[in-house]
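For reference, the structure discussed in these notes is given below.
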Amino acid sequence: MTANTTPDAPAHRTARRPAVLCILDGWGDSPDRENNAIAMADTPVFDALRADCPTAQLDASEGFVGLPSGQMGNSEVGHMNIGAGRVVMQDLPRIDAAIADGAITALSELKRFVADLKESGGTAHLIGLMSPGGVHAHQDHIAALANILKDQGIPVAIHAILDGRDTPPKSALDYLKAFHAAAPDATVATVVGRFYAMDRDQRWDRVGLARDAIRDGKGETAASDTDAVATSYEAGKADEFVLPTVIADYRGMVDGDGILMMNFRADRAREILHAMIDPDFDALPDEHPVRFAAVAGMVEYSSDLAGMMGVLFPPEDLPATLGEVVSQKSLKQLRIAETEKYAHVTFFFNGGREEVFDGEDRILVPSPKVATYDLQPEMSAAEVTDKLVHAIDSGVYDLIVVNYANTDMVGHTGDVDAAIKAVETVDGCLGRLRDSVLRAGGVMLITADHGNAEMMVNPASGQAHTAHTMNRVPLILVGAEDIPAIKSGRLADLAPTLLALMGIEQPPQMTGVSLLDLPHPSRAAAE
């Protein structure tokens, strides 16, 4: 069977009951009901499951998922921890440490990048999310590399992608000022809202506008980066939506220049990189491609891009992930999500592995083509559920991993009413999924990768809260009548718990623990 298809007949009927992991992206727990789209929504299915089934909570941020203290979780980190069954040290603290102790200057790929630009006499163009959000990038890293390259005599141009999703919607002015204080000699050449420069759904018109400004020096113009942001605010556009703007006398990249991509999360860096450096890229017309002397990135963004650019921090091997263990048992597994979260249930869930495991099928449901998801908070949840129920009914799969994107993607818009609709949409889908799992005699774990929609307004500023939260996330066990209770834990405990439900021995590489509370059924961990 090929990817993106479901079976028409139960060609493989397992003796085990199918196990389903349902990830409600951005569905956090919070006792505060005010501006909490999850608490404000009508959720009869979720409420009944939580009342009637074993339930607990999971930590999904900070050191519990390999992030620094005070750092909220995110979808990439969450899915990697879930699939790995262990706490995975993330790229943010890896890079922080290398900068702090100076080890970054000894990296072979950075040395090569510097040498190539010294030979060509070109400018180093640093492209990255100018934000302290720490989800896709960190502006401290951009400042540090700008200073390192300056000390090597390399001219530096900064292309500041503005956030407003992992940070407050109108916070870029403060962050730009902080950046200039940290890297006083750095020149910002362009500012671009992440809406344009960090698309991941093949909205090439947006990517094209970002490339026009960043690479070609064409677009809106402003005398300074802060002027560009102020003008955008006056036009009613927050950070995320700042039009690609060329600053001062920037004229674009030329042959012999270099690109250093500063984002350390892969999914939203791929499209803009392909548009600028991939000789086979044909989604946009390109009459004047640039011949770069050097291209590098903080991490590996894809296997294709790895062949076109250097990688400062290569991925660390993660053996014995949940997908690999299930595959080694010759069992069948399915991953299903709509476009916005497809990479998370596949690439990230498999520990950064792009290749499909033996016995692993994948279903990609296209996300709706709308400017922002508050315009269609239902997204593609109904179609995901249609295909999911069909897959469960087929009797083919031992393990199914599904992600519902709504509460995260709509939560990022800051629209409370739309977020409530997103929550209610997912709740309706949960009802169909629950019925299908029980009909098949299966078991299901319902959880989330991080919080979001449970905080729609920043209580300190009164601005819309569009970022993730540090709240714990729910855990509900459905269909396991012989297991009266589950314990609270962390995301890394989900894979061991699923293996225990499937009767599969946990490999030693998984340091998470099963949360099935078998020896002491009276000690239910509902919170």
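From the backbone N, Cα and C atoms, a Cβ is placed for every residue, glycine too.
Note: TrEMBL annotation is automatic and uncurated.
According to TrEMBL, D408, H412 bind Mn(2+) 1; the candidate from H288, H468 that the record adds to this site is H468.
Same-site candidate for substrate binding, as annotated by TrEMBL with H136, R165, D166, R194, R200, R265, A266, D267, R268, chosen from K111, K329, K332, K341: K341. Between the candidates D25, D386, D393, D398, TrEMBL assigns the Mn(2+) 2 site shared with S75, D449, H450 to D25. Taking the C-alpha positions, the distance from H450 (Mn(2+) 2 binding site) to H468 (Mn(2+) 1 binding site) comes to 7 Å. Summary: among the binding-site residues (H136, R200, H412, H468), the fewest other C-beta atoms within 10 A of the C-beta are counted at R200.
Highest Cβ count within 10 Å among the binding-site residues R268, H450: H450.
For D408 (Mn(2+) 1 binding site), the spatially nearest entry among the binding-site residues D25, D166, R200, D449 is D25, judged by CA separation.
Minimal Cβ crowding within 10 Å, among the binding-site residues D25, D449, is found at D25.
For the pair D25 (Mn(2+) 2 binding site) and R268 (substrate binding site), the C-alpha distance works out to 17 angstrom. Considering only the residues assigned to substrate binding, H136, R165, D166, R194, R200, R265, A266, D267, R268, K341, the longest pairwise Cα distance works out to 17 Å.
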